[in-house]
């Protein structure tokens, strides 16, 4: 009978349960996707050219597990806050505590198991789509990346079910300890935080100090090595918590004394925030860290994505070299944004390639200055007089690699006078070198051009590259994994953090439902209530957001050693930030929509 | 001739969606409340008391008939007009207090004024004045959770009258109070009614509460069954009369 009642209770609140189930499913899906990458040894071995990648994955996995625990805790408290009134009622009607306890345990576990199962399936599907999409967008190819990986499935299932068993036990003990009265009236109690200004001030100062230590640790990653990250994690977490605790409450208290607080619903808004923020400090801290990590990961990922062509730009004097360009290649060259173009005649005898001195004199071969000597970080090009070129520029790899003889061995190129060149026998080629303004603008055309050239003149020596486009492709192979991890982690963290915040906020809905019903009776306009709610939730979203942005701005210091000149972790972060914040705002709007739906009093029907 | 504050004509309310068997809670009610009057509405559970009060306070809409409060035809109002009407013309005291626990007593009382955009100085004066009337000046900085039931209801009463509404409505305001607090509150309502000349409409099923009124309307099965006027009677004698009336009325 009690089981029937419980089921009926679930049915009546199916909308709330759907929100909960959807959130948990998403969390499980994200975790699976990450576990799929992190535990797939073949994938890591094949792609982790950078040694620290496995460390990154290790940290990522631990972090994600911790976040998952917190996430399930919040989801669980949302569940309990929805159900405790019903459970209290059952007990008041004479149901045995033990029996109700069994119900709670089962309900949590069943919900968790369903969410995990759907989540893993969803994770596999989304892995397939997202990984495909990301790789496509980034122009990467990663070996051994599959969407279904059994150990990851098992890992996710064990962790989640384990956590849900813990959550069930937690609910059980909570229920056993609370009195029926408390269960029935849980949402009517509100704790008003005590104010201890001096203590808060000191704690706030300590918080700022800890944050400073954390930020310094990130900047000094070269000296501190691997200790920097755990040190920063601990100090920034604690610092953020203390700062929020002290500063936000102090600001709200201060505002409450102003006349602004006496206008319309402002006082109500501040009152709400006052006891919310107190209760939310821990969650806001976690969310701000998650925000920072998500944004940081995406910024670094997109930094690599944007800056790799730029770095490649500064690696050589020309982007591509084409021999005896055919009609197709000529068309392609016309589509490029050319900065410099030159064509030379070559004659090949055995292993040696000959050049016409007259041609080189009329159209000197451009060389690139080494990065150390260029001041502004932009590549600098120059030419040499022919006499000097013969001994200096002609010995540089850029010039040597122009030979069409890529298949076999080759000797140093020779420059001969025009008459001598005319009398030379051997195959004649006309090589065109093209340097584009910004490789990033011409990547697709360059790719086609490079492919068609490679089909005509196959290379065996793959470790040597011809032109900066090929250098770029090689770098992509090395750093592409990092870039991918950056994007992937960023999206995963964002999804997690927003759901955390969403649940925490939604779990306050039952209490707010009554408050807004009261306001409605007192005669507060609907628009005013909506506005107040939008502000309240907006502020709860904004606090960790702002803190997260600050964290990232400092945290990017950490990547300075990994992104040497001319790359910089700070370059072009504006767009990345804008896109990320855009996504965050979408989450805010969704949360607000759900919340309005849950707490706004229904319109009085007018006949 | 005194002004009429509430005027109700042929008020009907039928519940039930199309296709379901309709249930008529109010069947053509007619009555009016004059300015400064203290009127009680009595009736057993299910007689339609609360439905009537919800119509008067625009929380619900009638199926038929007119409700005119202080010259406004509330049945013709829509959206924000309804909210503004509730905020400006009606003061409400509920059985369960309806205080916002995230705000102090002072902030709760100030809410109706804040909604109207009253300057903060005027607001502070009004709060102090009403707090003095209800002797809750020393409770102003406290949160509802720190107050007793009787104190909460006095704060709620202060909130209901701070903006000088044209009518004060009470829905079983003594329902959750002990007898001492209930008596204190009713005395306060009487004082407010007498000194500020504010109309009071009290919905109750408690004959003791009703005996504080000048006139009592008895509702039975959605219609006004009978009416009782206190006239020059002493409150105690009127109480006896109410009890007698209830005795005969319920048969």
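Glycine residues also receive a Cβ, built from the backbone N, Cα and C atoms like all the rest.
Unlike curated entries, TrEMBL annotations are predicted automatically.
TrEMBL lists A:59-175 with the feature domain 'ABC3 transporter permease C-terminal'. Positions annotated as transmembrane segment by TrEMBL: A:17-35, A:55-82, A:103-127, A:147-172, A:201-221, A:227-255, A:283-304, A:484-506, A:537-559, A:571-596.
Within the chain carrying the transmembrane segment (A:484-506), a Cβ under 8 angstroms from the stretch's Cβ atoms is held by residues 19-20, 23, 26-27, 30, 33-34, 37, 53, 56-57, 60, 64, 67-68, 70-71, 74-75, 78, 130-131, 134-135, 138, 140, 142, 280, 283, 286-287, 290-291, 293-302, 304, 537, 540-541, 544, 580, 583-584, 587, 590-591, 594-595, 598, all 6 or more beyond its ends. Among the stretches A:147-172, A:201-221, A:283-304, A:537-559, the one making the largest number of Cβ pairs under 8 Å with the transmembrane segment (A:103-127) is A:147-172. Between the transmembrane segment (A:571-596) and the transmembrane segment (A:283-304) there are 3 or more Cβ pairs closer than 8 Å, counting only residues 6 or more apart in sequence, so the two stretches are in contact. DSSP assignment over the domain 'ABC3 transporter permease C-terminal' (A:59-175) gives 102 helix, 0 strand, 15 coil. Beyond its flanks by at least six residues, the transmembrane segment (A:147-172) meets 28, 31-32, 35-36, 38-40, 65, 68-69, 72-73, 76, 79-80, 101, 104-106, 108-109, 111-113, 115-116, 119-120, 123-125, 127-128, 131 of its own chain at Cβ-Cβ distances under 8 Å. Distant neighbours of the transmembrane segment (A:201-221): 227-229, 231-236, 238-247, 250, 554-555, 557-558, 560-561; these residues of the same chain sit at least 6 beyond its ends, with a Cβ under 8 Å from one of its Cβ atoms. Here the transmembrane segment (A:537-559) has long-range neighbours at 214-215, 218-219, 221, 228-229, 232, 236, 240, 243-244, 248, 273, 276-277, 280, 284-285, 287-292, 294-296, 299-300, 303, 497, 501, 505, 569-570, 573, 577, 581, 584, 587-588, 591-592, 595, meaning same-chain residues at least 6 beyond its ends whose C-beta is under 8 angstroms from one of its own.
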